[in-house]
Amino acid sequence: MHGRGYANGLKTFGLMVGLSALIVFAGAMFRNTTILVVAILLAVGMNAWAYFNSDRIALRAMHALPVSELEAPVMYRIVRELATAARQPMPRLYISPTNAPNAFATGRNPRHAAVCCTSGILQILDERELRAVLGHELSHVYNRDILISSIAGALAAVVSGLANLAFFAGAFGGRGNGEGPSMLGVLLVSLLGPIAATLVKLAVSRSREYEADRSGAELTGDPLALASALRKLERGTQAAPLPPEPQLTAQSHLMIANPFRAGERAARLFSTHPPMAERIARLEEMAGGRSGGYR
């Protein structure tokens, strides 16, 4: 299990290096380093704001409401037990009043974390499955995945920004004074840069989902319960998907399961989530073939 975690971490690091290399390549198209510096500062600034406000943005998009222990005693008990086992602070708990079954965690660190379940997921999971899902979400917080996704987003935004600058610099002049990019550079950066950056950013998201599955199952000691929950969520999100609205699609990477109906999102390469079958297979491998009462 620890070998799988090391591999996930190494993959994430490699993807970050790839994004950084894209920035270097895109920036090399310009002889004026001011352009590169401005693009980096803008991207880092925007993503820093998103990082510090990630909880409010996500909770508002899902119309999530804070709940007390009297309103959600089972959810509180499970999260408190898991947080205590992990020696981490108790996060704030929310419920989103939607039938679409899903859950997510947000917040820049364990002391500013929030965990949200939809009404739909609370209706379809038994307590053991809910515990497994909450373990997965808490693992996102403990693994600092909001920070990782913010860094990936910032790097991808730099590449996209440089691509736009390259396009306009190439289209409207600047080559003759020795400060603009070559036409070949314009084509390469403006066409391929954003696509490559997006693919790498999504690959980071998928890698972190695998790691949250692994470490969440390790926290609860029940990988088969998470596998069972994912099976139910795969069916449930197809029967009751979220509407593909911009504010919801922007938060879809936070969800434990892709919240949109198949066919409304891009193909596997452009997905924020790994294939359910692969996630379930890995969890069953962790369980070592034990049935645990789940199929």
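Using N, Cα and C of the backbone, Cβ positions are placed for all residues, glycine too.
Residues or ranges marked as transmembrane segment in Swiss-Prot (evidence: sequence analysis): 10-30 (among others).
If you look up Swiss-Prot, you'll see 32-52 (among others) marked as transmembrane segment.
Taking a C-beta cut-off of under 8 angstroms and a sequence separation of 6 or more, HIS136 (Zn(2+) binding site) has the following same-chain neighbours: ALA103, ALA212, ASP213, GLY216, ALA217, LEU226, ILE256. The Zn(2+) binding site annotation in Swiss-Prot covers HIS136, HIS140, GLU209.
Under the DSSP three-state reduction, GLU137 (active site) is assigned to helix. Swiss-Prot lists GLU137 with the feature active site.
As annotated by Swiss-Prot, transmembrane segment applies to 151-171 (among others).
For 184-204 (among others), the entry in Swiss-Prot reads transmembrane segment.
You'll find the Cα of GLU209 (Zn(2+) binding site) roughly 10 Å from the Cα of GLU137 (active site). Note: the Zn(2+) site is recorded as HIS136, HIS140, GLU209; in the same chain, ALA105, GLU137, SER139, ASP145, ARG208, GLU211, ALA212, ASP213, GLY216, ILE256 also have Cβ atoms within 8 Å of that site's Cβ centroid.
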